[in-house]
Structure formats: structure tokens, C-alpha cells
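S.K.: According to TrEMBL, the protein has these features:
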TRANSMEM  A:6-26  transmembrane segment
TRANSMEM  A:38-56  transmembrane segment
TRANSMEM  A:92-110  transmembrane segment
TRANSMEM  A:141-161  transmembrane segment
DOMAIN    A:164-458  domain 'NADH:quinone oxidoreductase/Mrp antiporter transmembrane'
TRANSMEM  A:200-224  transmembrane segment
TRANSMEM  A:244-265  transmembrane segment
TRANSMEM  A:286-307  transmembrane segment
TRANSMEM  A:313-332  transmembrane segment
TRANSMEM  A:367-387  transmembrane segment
TRANSMEM  A:408-428  transmembrane segment
TRANSMEM  A:448-472  transmembrane segment
TRANSMEM  A:484-506  transmembrane segment
Amino acid sequence: MNVSVEYQALAPIIILLAAGVLSVLVEAFIPRTLRRPIQLMLVLASIVLAFAYVVINATAQLAGDPVTNGGQVKGLRQLAAGGAVAIDGPGMVIQGIILLVSFVSALLLAERQIDPQGDAFASRSSTLPGSEDERQFTAQGWLQTEIWPLYLFCVGGMLLFPVSNDFLTMFVALEVFSLPLYLMASMARRRRLLSHEAALKYFILGAFSSAFFLFGAALIYAATSSISFSTVAVAMENSSQDGLIIPGIGMIAVGLLFKVGAVPFHQWVPDVYQGSPTPLTAFMSAATKVAAFGALLRVFYVAFGGMRWDWRPMMWVIAILSMVIGSLLAVTQTDMKRMLAFSSVAHTGFILLGVISTSAAGLSSTLFYLLAYGFTSVGVFAIVGLVRDASGEATHLSQWAGLGKKSPWMASIFALFLLALAGIPLTSGFTGKFSVFTAAIDGGATPLVIVAVVASAIAAFFYARVIVLMFFTEPPVDGPSVVVPSAFTTVAIGTSAAFTLLLGIAPQPVLDLVINAGLFIR
Amino acid sequence: MLLTTLMLIPLVGSIVVFLLPAAKVTLAKQIALGFALATLVGSVLMVLGLDNSSGGLQHVESYDWIPAFGISWTLGVNGISAALIVMAAILVPVVIVAGWWDAENSGRGTVKGFFALILALEVFIIGVFTANDLFLFYVFFEAMLFPIYFLIGRFGGLQRAYAAMKFLLYSLVGGLFMLAALIGLYVVSSRELGQGTFDYVTLTSLNIDPATQKMLFLGFFFAFAVKAPMVPFHTWLPDATAEATPGTSTLLVGVLDKVGTFGMLHFLLPIFPEASKFYAPVIIVLAVISIFYGALLAIGQTDVMRLVAFTSISHFGFIVLGIFVMTSQGLSGSSFYMVNHGFSTGALFLVMGYLVSRRGSKRIADFGGVQKVAPILTGVFLLSGLSGLALPGMSSFISEFLVLAGTYAVNPTAAIIATLGIVMAAVYILWLYQRMMTGVPSKEVEETVTEISRRELVAIAPVLAIIIALGFVPQVALNVINPAVDQVQTYVGVTDPESAVVIEGSGS
């Protein structure tokens, strides 16, 4: 078979992966002192270039009049690489969000001013924690740049994941972005054992869920003789093999729901969020969720769209469990990162409301929510990384007491992010919640929205508790302080805060964007 | 543009005060007072510009905000909301003068912060009473919480953090249920009209099927009942007022809680007429329970601030009762009650604040014999108290009478039981007066309680003057309110029963 490759449509993915290869070569051949600036340039430039290509593709003038090209006036909508990849409106929006979030996260990863020993990553991740080697390397001030090639591969895989149009491409993309994440999660400079444990847990459970995904794909293949989403969708309509299809859908759902961190596949979330280096947690909490939801949307709208009456009850249960358990467990946490991890589980439940709607409104509201949540999440973890005492980050809630008095600005921005997560009006979180709730009620899921409202009320409690802690309690005597970061982190936090506010006060342009993105192509 | 401008005045004031250097304490207070008075002038002009022959929305302005969701910046007032805005605009400068030293006395927070928050609160108060896009209303409804939250949490008493949190959570939970109902209403409107909308006037013209109405009604009602507050959603109020400064309590109970009853009158009845009629019997029972329970607990309080809070719960019972009997006397009585209650409770909170700040204790038992050492203060106390028990001649009497007369026409049982609430009001006020003012002053009272100062008198005098003036010429307010009340009746599709007691000037 003669497979053509549509280079322009695939350009964002190719750019990132090529930059990743280049970055490996930089690690191998460029002297240590020069690596950091070169790597950083490479990463930021490739993300910007890829984003430019996404914009170009999304606004490309199409040939022919709107009637012949399917009513589309602007923007690519095409299958690429022999039908393995589908470049369409929602796919490009997801890619755009991933790139924006990755750019901001890259700034956080590049930060070298907040830890007196260097950056957030181990001076040599090959040394044993607590060993003499480790002590020496740390004392000599070694700094590694090996996260950058990993980061580029990871982002490249994430770009492919939501636009994959068959199960095998999707599986490959899943592994391409997951493996670097497992590695990066283990590289924290402080509390290395915790970081190793997190990475191992993430790896084992992740591998397990990937296997589920693959097995599910095999079952679907057995029932429909196809791995391509559009063919699967058609074949399912006429298939009587429910004994294969239903378990297949379930297993693929397990693989994808694991990545988005939905209950009951959420056990890794708190441990990994807590153990990973905080800049990476910021990246993971935002970008992984966006990419995985992109893939989830495509699989369940395109491949399993016709089966929605079969999978909806399952998704209802998972959405309810995620919202309720996520919010309830977040209330009991005493560690900031774990609390935010459970809050992220709850948010997964809210986003699932949009997925369940299986309508145009459901799709566009989910996209909006992902953008809103992505930036807020990056911002919130960026600030968590700044609150430090002598032993590193101070993540215990009690250590945050009175922070509003010590650094009112940072505390106020943090409060803004928390309010956005709680879904208070005039923040991006509210607009996001409002749009998914509307889509859900319109799709007949009123009981789910009522559960979501109750969960939001529970969630509001623990977010508000942190704000009270910061502003209304006296700071402890030897409490941590907010470190003054370099321009990198400042820009990252500023951007996140700006998006959080802007999407709350004037969301119309972005709403237009996600509504005009249209539907998935088949 | 008039209403937007009216909101901009306190907003600019709030920002200016906030940006002042922390050391310029007196200047901050003066600027805050200046802006509050300017807002008062603006709101009086707004009322004078109303056409009293029409019950519809006036001074309407509308701009698109988020067209994708049919959300717009739509403001407008009718007689009821206009009267409430003027009431709020009068109370804000009063509270600023009365609370001149509250920020310093609390020992926490900055003085400019205190006054900037009060002005910020005024912005949202005007917003919430003028918003005629339901989404905008919700935004103001939630936004209002934050200034109050900080006013209690920063400048309150010992249990301030607990009280502020309880207040915030109750309100947020109520608000979230309203949000769910609001989204439901939006979806209903988009099914009926093809394009969803939050516009008040459009929503009142929808034909929502009764089953959906009943569900949506409950979401809104829950939020409003928490805010009002009605028994059994009231427990946050006594805690909040016990910890807040008297000025904050005045604004909280006198103005903010009116949003709950105003919401019932302005949104629930016109948008969900069938559901309102369906639930009216249950709500009337709850209202009567509120009247009784509030009064009973007021009698049993040992803390003056909590006592006033419970009297308010009782009064809110009357207001809700008048709304849900849906007669013109009941509705105009309730609307007028909202205005009067703002003044009379405000006066009570302020005078209690004067006493508490002198004696340094909120316990009733720590007072006694005040009339010997501070006769003018006692007189002010007595006037405020008599207004609280709705003595004839006071404005609160007119409104309470209208509510009861309106209730009697359709539901004599409820009216008769509610009348007992008046007797209990006499008990809690007069017994309070007896315990605090009469008798032999203790040594502590003699040492600490001084006569009312000029500033304090200046602050409270206009409130008392208005209470008495409206008691004798209620027409001034009723003429503004009544056209709007007629409009509400038209929306609901109810008319007064034949046997209704006809009271001159109380609506049609």
C-alpha cells in the first residue's frame, strides 16, 4: 500500500519528535556548560514552532467553496498518514492547549533560582539516594539537562495521542509520552526515595493499564476486524459480537481513564503528584490530563459513538465516583500536593460530565474546561514549588499558615487559582463548570449535575480552608517563606493567572474558538 | 448608564481608599464617607427619576457580555428594588460614621481595608438589586459574599474565623444549588426559544411545564432561604452577627439578607408562578415557624447581638409570609417591610454596638441601670426597640399590619398564629429594655457606660428619623413600591380575593 504522509498536517508532532532526537544528540556531543542554553532554546523554539503550525493548520484557507469542502471555510480537516492520524478542529484545539501548557511548564522546569542547590532535579539520578556519591555530586553542584530530551518526546507523544485515529497509533502515542513521564517522575532532587516510589508505582500501574488498553483493542479487533476508529464505529453498528465488544470498550476505557485519573483508577494520582518534582507535577496535572481527555473524547465520540447507550451508565458511575471521592478525600488531606491531587481527581469527574453528553456542546465545553483547568493547575503547582524552608518545599498544610501576611501578592494569586478550582464566578473555573453543566443538563444528565453541585460544595470547603489558613492565621515562628523566583517562573505564574482571569471575565473569544472547532472527523 | 454609574461611584471609592497609604487613616475614612454620600445622592436621583405609573423595569440598560451563553449586562430597577437600593445607600454612610473607630478597635487589618470593603460591598449590593440578567444576578449574589467574609473574618470578634467560614459555606452551598437551577432554566429557555437566555423579562414570559418548574423552584428557593434566612437554614446568622462589628451586622442583616426575600419576590414568583402556588402552603408554614422560633429564641438569648439576630429571623418570617400569600397587601407589606426592617434592625445593631463597645461585653447580664448614667442613649435604644416591636407610629407597624391583613384574607389561621409573634416581639424587646436599662447600675456600668457621643448620634439620628417619618407618611414609599407589586401579581396571575380588607394606598 502506498502511504502518503501529509507533512503540514503532521508538522507539530514531527517538529517535537525531531527536536527530541536533536536534543539527545545535544546531550551526547555538546560540552556540559553549553548544554543548558542550547537545550532550553531547542525546547522553547520547537514548542513555539509547533504551535505556529497548529495555528497555521487551524486557519488555513481551504481550496474550493464551502459546499464542496463540507461547509468548512477555514482550517484543516483531514486524515493523515494513511488514516492513522485525524487532524480536525477539536484535535487541533487539544494540540494547541497541550503546547501552551507545555511552554509554560517548560519555563517552570528551567527554573534554577528557587532551590539553593540548583534545580528541581537530582544532580545525578543514577546515584543511590543517601549515598556518598550523591552527596559529592550535590556538593559539587552538578546539574543535569537530561530531562529536556525526555520532555520533548513526552510532548511529542501527547500531541499524537489525541489525534490518533486507530488503536495502535494511539497505543504507541500513549507509550511515547508515558515512558518519559515515568522517568522524569523519579528525578526529584529532594526526598528522592519518595520520588522513586512514585515513579515505580506510576510505571507499574501505568504499564498495567496500557496492557488493558491493548487487550481491549485486541478484543475490538476480534469483533470488528479493524483497528481504525471509523471502521470500528461502522462495524459495531452491525455486529452481534457484544461478548467481545462490551469487554473491549470496558478495557480501553480502563486504559484511558487511568491516564485521566478517574476513580477507581486514581490510586496513583496522589502518590505521583506528591513524589514527583513539583514543576513536573504541574506539567503532568495539566498536559497529561488534556492529552488523555483528548484521546478519550475521540475514542468515545468517534469509535464508540454508536454504542453510547452501552457505555454511558459506566461513565455515569465513574463520573459520580470521581467527583464525590475526589472531593471527600481532598478534605482529609494534610499535604498540599496530595490535596491538589485529589482535587484533580474531582475535576476529572467534572470534565467527564462533558464527555458523557456526547453532543457538540459536550465536546466544546470539555475543550474549554481543559484549557481553563490546564492553566490553573500549572499555576497552582508553580506556586506550591515556591513555598520552601531549609529542607525544601514546605507542603504540609500547617506550614502555609499566615503566608498571606508574609507575601501578600503570591498568596493572593494562589487564592485566585484556588477560587478558580472551586469554580467561583469571574474565574475560568466557573465558566468551565458552567459550560459542562449546561451541556450535561441538555444531554439529560441532570442527576449528575446535582451530584456535581454537591461535590463542588464539598470542594469549596477545602479550597476555602487553605485561603483562611493563608490570610487569617498567624504565621508559625519558623515557618517557610515564599522564595523569589527568576523570570521563568514569574512569567509562568503570570501567564496562568492572566488566563485564569481572562477566561472568567471575557471568555467569548475562546468559546467561539471551541464552538467553531466543530466535531471530530471520521 | 445611570445604574452602571451608580455602581461605579462606590467602586471608584473603594479603589481610591484601598490605594491610599496605610498611615492616612482619617483621610481614608473621609473619602469613604464622601463616596458613600455621593452614592446616596445618586440613588435618590435614581428614585426621583422613576415613573410611578409603571410597574415594569426602568432605567434599563443592556450590553452583551458572553453571547455564547446568552449572558448580558442587563440592569434595571422597579419600585421595590429602587426602594431597597435607597435603603442600602442610606445605611452605608450611617455604618461608616457609626463604625468610625471599629477597624482600630478590632486590632487587626488596616483601616483603609475596612472602609474599602464596605464600599466594595455597596457596589455588589447595587448590582444584585439591579441585575436583570439572572447570570449577572448570580455573579453579584456570590461576589457579595467576599467583602462580608473579609469584614467578619478580619475585623470580627474572637470566633470570627469560625463565623466567617460558616457564613461562607452556607452561602456557597445555597448558591451552588441556585447555579444548578439556573443552568436548568437556561437549558429550558434554549429548548423553548432555540437560543438560551438569562434575560429576566424573557424568562418571565416562558411557559415552563409545572414539573420542571417545581424542580427549578427548589434550587432557587434553597439559595434564597439560606440567605434570608429562614428556619431551618438560619444557624449561620446568629454566629455571624455575634462576631461581626455592628456596622457589618447592619449591612449583613439589614441589606444583604434582603437579597433572599427580594429574590423570592422578584424571581421566584414571576418566573415560576405555578411552582410558587404549589409550594406556597409549605413555605407559609415555614414562615410561621420562623416567626415563632425566631421570637422564642430571641427571648432566650443572653448575648445582645445574637438576640437581635433572632429577632430578624422572626421578621424575615413575616416578610416571606407576606410574599407567599400573594395578595397585594401582603406583597406590598413585605416589600415595605424589607425597607423598614433594614432601618429598624440597623438601628438596633448600632445602638447595641454603642453599648457593647462601652461595656466591653455582649452579655445582657453585664448591663443594668443604663438609663441612670446615659439617658439619651437609653432613649435612642428605646426608639430602636419600639421600632423593632412594630409599635404604631413606627414604619414597621404599617408593614407588619399590611402583611397580616394580606395574610388574613387568604389564610386566617396563619395570620392569627403570626399575630402572636407580635406579642412575643413585645416580650423580647421590653424585657431586654428592662434588664439592660432599668434598675440600679452596677459599679462597672457606672464606670464604663458613658453618654452617646455626637458622632454616634449623628450616625443613628437619620435612621430613627426615617423610621418615624415613614410611620406617619408611608405613602412616600408605598407609592414607589405598589406599581411593582401589581406587576408581580400580573406575572403570577393572581388577584386579591373578594373579602380582602381594603386598605387605602396599599396597592390595587
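Note: Cβ is positioned from N, Cα and C throughout, glycine not excepted.
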S.K.: Between the transmembrane segment (A:313-332) and the stretches A:38-56, A:367-387, A:448-472, A:484-506, work out which stretch tops the count of Cβ pairs under 8 Å.
M.R.: A:448-472
S.K.: Which residues of the chain, 6 or more past the ends of the transmembrane segment (A:367-387), have a CB below 8 A from one of its CBs?
M.R.: 90, 93-94, 97, 100-101, 104-105, 108, 111, 114, 120, 278-279, 281-283, 285-287, 289-290, 293-294, 336-337, 340, 344, 347, 350-351, 354, 393-395, 399-400, 403, 410, 413-414, 417-418, 420-421, 427-429, 431-433, 435-436, 480-483, 485, 489, 492-493, 495-497, 499-500, 503, 507, 510-511, 514, 517
S.K.: Residues sitting near the transmembrane segment (A:38-56): Cβ under 8 Å, six or more positions beyond its termini, same chain?
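M.R.: For the transmembrane segment (A:38-56), the nonlocal Cβ contacts are 8, 11-13, 15-16, 18-19, 22-23, 26-27, 30, 92, 95-96, 99-100, 102-103, 106, 110, 145, 148, 151-152, 155, 159.
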S.K.: Of the listed stretches (A:6-26, A:200-224, A:244-265, A:408-428), which one yields the highest count of Cβ-Cβ distances below 8 Å with the transmembrane segment (A:141-161)?
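M.R.: Against the transmembrane segment (A:141-161), the leading stretch is A:6-26.
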